[in-house]
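These features come from Swiss-Prot:
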ACT_SITE  698  active site, proton donor
BINDING   17, 18, 19, 20, 111, 519, 520, 565, 609  5-methyltetrahydropteroyltri-L-glutamate binding site
BINDING   435, 436, 437, 488, 603  L-homocysteine binding site
BINDING   435, 436, 437, 488, 603  L-methionine binding site
BINDING   645, 647, 669, 730  Zn(2+) binding site
């Protein structure tokens with residue numbers, strides 16, 4: 001029996017975010033290309049070496065990237081849109097696709113399955129010459145071999161998932177383009193095999209949600225590849241859910257190993273194995289450590305899983321690995337000594353998860369006695385956190401038990417509410433607003449850092465925040481926006497800010513994970529019962545409202561987004577945690593309303609990303625996600641206008657859910673997806689307030705008035721002008737002031753032009 005340890009992918013960002021800092025230094029011309037490439041190589045090799053030192057045998061090579069692994073694959077295969085043809089160097093093309101430039105719109109960015117990581121969407125164009133433009137996995141494989149003497153495991157994105165994630169082709173073209181991918185994949189795999197790669201990991205996460213016909217189509221591609229590369233040892237890797245529905249077919253694919261997720265797809269994969277077994281001539285790669293959360297594994301449960309598998313499968317060969325890439329977890333917990341002992345002990349970041357894999361390997365190869373002490377430690381840790389007072393609050397349980405049906409709905413239907421709101425708010429046709437945040441300049445960040453370090457007093461910090469707030473209230477008035485925001489200068493992050501003010505949350509010092517590009521986030525840790533403590537946004541919002549006669553929006557992050565953008569306790573259902581957060585936000589919303597705030601925005605940008613991969617599981621998730629939003633927002637008066645905001649989603653999947661939220665106004669990020677949501681609205685109706693984002697805030701370019709007007713014009717063909725709002729795609733926190741002001745001026749002018757046209761045509 002052969003058992004090996006493996007990792008699917010390692011966090012890219014570096015222990016001190018060296019990767020992020022190097023990228024941003026290069027983008028701002030503080031370092032040249034040579035220094036950039038040298039530093040990135042150092043970081044890349046450090047990561048490979050770190051995994052070897054932890055005892056991992058099959059170390060992933062090629063999971064490292066300068067921006068995004070899907071973008072790497074697109075560039076490698078020649079999926080380069082023609083609008084970037086004037087760029088000649090690799091890095092210029094690569095980063096233009098990722099970020100855009102002054103004259104070039106970036107490729108679309110969207111969520112990687114149901115995670116909080118974003119990938120760059122590959123674009124197919126007619127006449128595209130698909131070929132292996134650059135065998136990057138081979139270069140990195142040889143680099144690790146030559147520099148470190150490590151014979152790694154190349155990791156590539158599989159052809160089927162890659163093309164399914166791409167856009168720009170019709171469904172009728174899919175099969176033809178898929179066949180065109182065979183040749184470059186054959187070349188890629190042949191060259192890796194010839195260079196000595198013992199095993200090559202081919203990621204196909206899309207396999208968790210394919211139809212029978214699609215699986216057969218994928219199998220034909222793998223058969224075509226196998227025919228040309230018969231001796232390459234391929235590990236077909238799935239993750240994020242089970243492949244239960246198509247398991248019987250998938251285990252017949254012409255590959256030597258198959259990787260299954262036994263954390264997020266445990267029940268389905270076990271059921272399939274109990275029914276169909278597992279081939280004796282293949283290796284089973286067992287994803288047994290959660291690659292998406294930060295809690296210590298239950299080693300007893302994992303060992304029981306292996307006992308079950310060994311009884312049910314024909315193979316004697318196993319790989320012990322995480323459920324998915326560790327990209328989604330922070331690197332190491334050793335710096336988190338400020339946390340309580342019970343919480344610190346319960347955590348396992350990427351490096352600790354690698355140690356867990358080695359422990360499991362020892363137990364499987366040498367017997368459980370070999371890790372007796374570690375097993376006892378793990379059992380004690382789990383008992384301590386389960387029995388913690390923070391996880392057993394009677395007041396939280398009582399509030400949940402007391403909920404009634406009427407707590408989940410507004411008193412009047414939308415049409416009647418909106419009439420009352422129009423009278424109260426006196427807004428013009430096509431009102432303009434922003435999504436919430438304004439630029440967090442170096443001065444803002446530095447002042448916050450000084451306050452947190454005790455260099456300046458609370459009073460000095462509050463005065464600074466008030467000064468910034470007033471400055472941006474005046475900017476908004478001068479620009480001519482209709483509904484203003486206070487700018488969120490006191491907030492580091494839209495989830496962290498609320499977590500710091502609610503019971504049940506804790507925060508890491510260095511628990512960073514990559515969100516998109518160089519943007520890293522430090523998700524809160526929901527370890528206990530969530531409860532309201534004191535007002536969280538009242539002071540800043542009321543102050544902003546006191547500065548202007550115009551309406552100022554209260555700004556909150558919704559319960560489902562707080563849930564989906566946090567590391568969440570795994571001892572109770574996510575639905576219950578979401579309801580706890582909703583009850584706390586309900587209290588805050590009531591306080592805002594009683595303080596005179598008449599428009600309150602509750603952002604849910606992450607509602608779509610939390611959806612399960614399988615359509616059969618959608619309804620259950622959407623039901624409690626919508627109920628959570630309604631629980632938070634339904635206690636306000638009819639005259640109070642509830643807004644929400646969403647971004648980066650396949651909205652056609654959730655139009656009904658958006659409607660069910662019963663928000664008076666929803667703003668949706670649409671500009672970067674090149675009008676897809678507008679197309680969705682051609683085939684359905686949305687009869688509530690809606691704002692379709694008119695410019696992409698993730699790019700530094702300032703769009704013209706005409707660009708924005710064109711989006712407004714297209715939107716008004718499918719949206720009722722009476723209910724239509726004009727806004728940017730997202731918050732403006734990451735942009736510079738000199739980018740934001742002209743862009744908003746253009747947006748307001750586009751709104752005025754649209755109003756004039758509507759009046760002329762009336």
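Numbering starts at 1 and runs along the chain as displayed.
Each Cβ is built from the backbone N, Cα and C atoms, and glycine gets one as well.
Recorded features from Swiss-Prot, shown on the structure.
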residue : record                                                : Cβ within 10 Å
17      : 5-methyltetrahydropteroyltri-L-glutamate binding site : 17
435     : L-homocysteine binding site                           : 25
436     : L-homocysteine binding site                           : 26
520     : 5-methyltetrahydropteroyltri-L-glutamate binding site : 19
603     : L-homocysteine binding site                           : 25
609     : 5-methyltetrahydropteroyltri-L-glutamate binding site : 24
647     : Zn(2+) binding site                                   : 27
669     : Zn(2+) binding site                                   : 26
698     : active site, proton donor                             : 22
730     : Zn(2+) binding site                                   : 27
Pairwise C-alpha maximum, in angstrom, for the residues (435, 436, 437, 488, 603) that bind L-homocysteine according to the record: 13
Integer Cα-Cα distance in angstrom, residue 645 (Zn(2+) binding site) to residue 603 (L-homocysteine binding site): 5
Largest tally of Cβ atoms lying within 10 Å of a Cβ, found at which of the binding-site residues 19, 111, 437, 488, 645: 645
Recorded positions near residue 435 (L-homocysteine binding site), in sequence order, restricted to 17, 19, 111, 609, 647, 698 and a 10 Å Cα cut-off: none
Residue 698 (active site, proton donor) to residue 669 (Zn(2+) binding site) - Cα separation in whole Å: 11
Cα-Cα distance linking residue 730 (Zn(2+) binding site) and residue 520 (5-methyltetrahydropteroyltri-L-glutamate binding site), given in Å to the nearest integer: 17
Candidates 17, 111, 609, 647 (binding-site residues) with Cα within 10 Å of residue 436 (L-homocysteine binding site): none
Maximal Cα-Cα distance (Å) across residues annotated as binding 5-methyltetrahydropteroyltri-L-glutamate, namely 17, 18, 19, 20, 111, 519, 520, 565, 609: 28
Using Cα positions only, nearest of the binding-site residues to residue 730 (Zn(2+) binding site) (17, 111, 488, 603): 603
Residues flanking the L-homocysteine site, with Cβ no more than 8 Å from the Cβ centroid of 435, 436, 437, 488, 603 and excluding those residues themselves: 434, 485, 494, 555, 601, 645, 730, 731, 733
Candidate nearest residue 437 (L-homocysteine binding site) in space, where candidates are the binding-site residues 17, 19, 609, 669 and distance is Cα-Cα: 669
Three-state secondary structure, which DSSP defines for residue 19 (5-methyltetrahydropteroyltri-L-glutamate binding site): helix
